[in-house]
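Asker: Sharing the feature lines straight out of TrEMBL:
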type     : residues : note
DOMAIN   : 39-555   : domain 'Major facilitator superfamily (MFS) profile'
REGION   : 1-20     : region 'Disordered'
REGION   : 607-628  : region 'Disordered'
TRANSMEM : 34-52    : transmembrane segment
TRANSMEM : 104-125  : transmembrane segment
TRANSMEM : 137-161  : transmembrane segment
TRANSMEM : 173-192  : transmembrane segment
TRANSMEM : 198-218  : transmembrane segment
TRANSMEM : 253-272  : transmembrane segment
TRANSMEM : 284-303  : transmembrane segment
TRANSMEM : 324-347  : transmembrane segment
TRANSMEM : 391-408  : transmembrane segment
TRANSMEM : 414-433  : transmembrane segment
TRANSMEM : 454-478  : transmembrane segment
TRANSMEM : 532-551  : transmembrane segment
Amino acid sequence: MTDASEDVVADSAAGPCSSETQDGVKQIEAVSMVWSQWGLVFAYVGIFLMSFTTSLEGQVTLPLSAFAVSEFKTHSLISTVFVVQGIINAVIKPPMAKLADVFGRLEAFSVSVLLCALGYAQMAASHSVQTYASAQIFYSAGGTGLQILQQIFIADTSTLLNRALFSSLPDTPFLATVWIGPTIASALLAVTTWRWGYGMWAVILPLTFLPLALSLFLNRRKAWRLGLIARRHSYRDFSGPTALRTLFLDLDIVGILILSGAFALILLPLTLASRAQDTWQNPGIVGLIILGIALLAAFPVWESQPKLAPHPLIPLDLLKSRKFCAGCGIGFFYFMVFYMSVQPYFYSYLLVVHGQSVSAAGRITQTFSFAATMANIASSLLIQRTARCKPFLVAGAAVYLGATLLMLRLRTAASSVALLIAAQAALGIGASLQHLPAQLAVQSCATTHQQVGAATAVFLTLVEVGGAVGAAVSGAVWSSLVPAKLARYLPPGVGPAEAHDIYASVIKACSYAAGSPEREAINRAYQETMTALLTVAAGMCVPLLLLSLVMEDTRLDRADQHVRGRVIGGGVTLATATATTTSNHAETGPARRAGLGRSWLARDFRRRVTQEPGAENERTGLVARHRE
């Protein structure tokens with residue numbers, strides 16, 4: 001009888017680069033084969049706690065960002081901060097997914113939590129906008145890493161049809177945090193400075209990571225002792241040059257550098273153009289964009305070379321799927337519109353033009369998140385019932401366009417705040433009906449378990465690229481129009497230096513009395529600039545509608561789930577080499593008989609096993625060898 005673990009050992013004996021399935025994927029498959037129902041539940045509790053923490057942190061720090069950069073006398077650089085975040089968010093997802101595939105889910109989660117904590121601490125201690133922006137590198141890398149890793153973990157542990165509901169789990173905390181976050185921000189500003197609003201999360205987030213880390217660690221150790229995981233191939237087993245080459249090939253370091261450089265060179269000039277002399281006539285601005293496009297074109301060339309990229313960052317065969325390309329395009333455009341109609345300047349617009357308080361403006365802007373979360377839960381249940389994505393995509397694109405046009409109509413100070421809230425809610429519903437169905441459609445294009453993570457990373461990467469482009473465009477429009485309109489509309493008694501202070505600080509803009517000539521001029525400049533932003537946003541909704549119409553309408557319940565082990569919505573499906581079957585399709589795990597798995601996180605349980613053709617009962621030999 002052939003031992004199941006022997007196949008695993010043989011598969012990895014030739015080194016990390018010899019198998020399509022990398023070590024991190026094999027580990028999570030082995031973990032899924034041994035953990036109990038309670039172990040899986042405990043892991044999801046950890047996912048929820050981390051999601052709640054990051055959600056609450058986002059709601060607390062979002063209104064604080066305007067005060068942070070205003071303290072540095074650079075309120076107009078909010079867009080630059082968002083662009084820095086967008087660039088990091090855009091480039092970090094594929095590398096983080098690759099890190100999880102090569103080293104393991106636990107290691108990748110740990111790195112992300114550490115980066116977040118470093119970012120929080122640095123932002124709390126920053127005394128210049130440069131330091132504040134540099135802290136976004138750590139914060140954005142860690143936060144985005146957690147986002148993609150949570151979705152990959154959910155994909156690891158759920159069938160495609162049931163994934164719709166559980167993919168929305170990280171968003172559900174918005175139902176509470178969207179309301180209490182701005183209130184906490186106001187309370188912090190009343191008793192202390194904005195710095196505490198960042199620094200406290202450096203302690204809170206690592207604590208909430210412990211349940212997930214404990215579940216992954218204990219169950220991986222159990223799988224290791226049972227022989228379901230071969231001894232990890234250590235790069236220290238090789239000589240220096242060989243180890244470096246192996247690591248480069250496993251992680252596709254060159255591919256990461258090419259893709260990251262391409263996105264950075266394309267996105268940064270979009271913001272710099274508004275501040276460079278002669279704008280687009282500046283050869284430096286145009287040159288950066290051309291170089292970025294050239295790198296982007298070189299990326300698929302590099303990835304298509306098996307000898308240079310044996311484990312490519314992005315599986316190129318996915319690009320042949322119309323469904324995959326349409327889904328990624330939808331993610332790009334919908335988030336681009338979000339960063340022109342909701343972030344980053346709509347909050348400042350509410351403070352200045354409508355005279356809203358910090359907490360009230362925060363609640364209005366976060367109506368989007370609340371409505372999106374509610375619609376996410378409802379649409380996931382409907383998708384689970386219908387097993388289709390396209391109808392939701394078409395409806396979402398139509399609602400998104402209509403809500404953007406409504407925002408355009410409500411751009412004046414005389415507009416009803418209630419109607420603004422309704423428009424934000426409609427935007428959230430439209431966004432929800434696009435994001436989740438598009439992500440599921442993209443994941444259904446994967447042909448292997450490892451490709452599920454890569455496909456998810458590509459989709460979420462293009463979502464963030466769209467957000468970065470939207471933030472860059474909004475920053476260029478804001479920085480170009482607001483100073484010019486202030487110079488045109490402000491009374492003659494307001495000098496250039498004072499006008500610059502008004503442009504640079506939302507606090508200064510709000511300091512003028514309502515109805516005064518200065519405040520009326522400021523309001524008019526803000527209103528006309530928002531009109532320009534919303535006009536561009538409405539135009540970008542048209543490609544959304546077209547892409548949703550060309551999306552293939554396939555059934556999710558007929559797609560291969562590409563996952564193994566105990567998964568939500570299915571039995572314990574094991575590969576032929578590691579399957580365990582009995583005549584009555586039930587077994588009592590051998591871990592207790594082997595003296596393992598005493599923890600309730602990784603204990604015995606009676607499991608239903610989906611029998612595959614040719615599968616044999618290998619657990620007896622596995623436990624016998626372990627006892628030896």
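Yeah, the Cβs are placed from backbone N, Cα and C, and that goes for glycine too.
Looking at the shown structure, what environment does each listed feature sit in?
Answerer: If one looks beyond the transmembrane segment (104-125) by at least 6 residues along the same chain, the residues whose Cβ comes under 8 Å of a Cβ in the stretch are 23-24, 27-28, 54, 68, 96, 131-132, 134-143, 145-146, 149, 152-153, 156, 195-196, 198-202, 205-206, 209, 212-213, 216-217, 220.
For the transmembrane segment (173-192), the list of distant contacts is 48, 51-52, 55-56, 58-64, 67, 357-363, 366-367, 369-370, 372-374: same-chain residues at least six beyond its ends, Cβ to Cβ under 8 Å.
Panel annotation: around the transmembrane segment (324-347), residues 62-63, 66, 78-79, 82, 86, 318, 361-362, 365, 368, 393, 396-397, 400, 404, 407, 424, 427, 430-431, 434-435, 438-439, 441-442, 445, 455, 458-460, 462-471, 473-475, 478, 529-530, 533-534, 536-537, 540-541, 543-544, 547-548, 550-552 of the same chain, lying at least six beyond its termini, place a Cβ under 8 Å from a Cβ of the stretch.
If one looks beyond the transmembrane segment (391-408) by at least 6 residues along the same chain, the residues whose Cβ comes under 8 Å of a Cβ in the stretch are 330, 334, 337, 341, 379, 382-383, 419-420, 422-424, 426-427, 429-434, 436-438, 441, 531, 534-535, 537-538, 541-542, 544-545, 547-549, 551, 553.
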Asker: Of the listed stretches 198-218, 284-303, 414-433, 532-551, which one has the most C-beta pairs under 8 A with the transmembrane segment (253-272)?
Answerer: 284-303
Asker: Top stretch among 137-161, 198-218, 284-303, 414-433, 532-551 for CB pairs under 8 A with the transmembrane segment (454-478)?
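Answerer: So the stretch in question is 137-161.
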Asker: Please give the average pLDDT for the domain 'Major facilitator superfamily (MFS) profile' (39-555) in this predicted model.
Answerer: 85
Asker: Same chain, outside the transmembrane segment (284-303) by at least 6, Cβ under 8 Å from its Cβ: which residues?
Answerer: 252, 254-255, 258-259, 261-269, 272-273, 276, 309, 312-314, 316, 319
Asker: For the transmembrane segment (198-218), find every same-chain residue at least 6 residues outside the stretch whose CB is under 8 Å from a CB in it, and list them.
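Answerer: Apart from its flanks, the transmembrane segment (198-218) reaches 31, 35, 39-40, 42-43, 45-47, 49-50, 52-54, 57, 61, 64, 105-106, 109-110, 113, 116-118, 120-121, 123-125, 599, 601-602.
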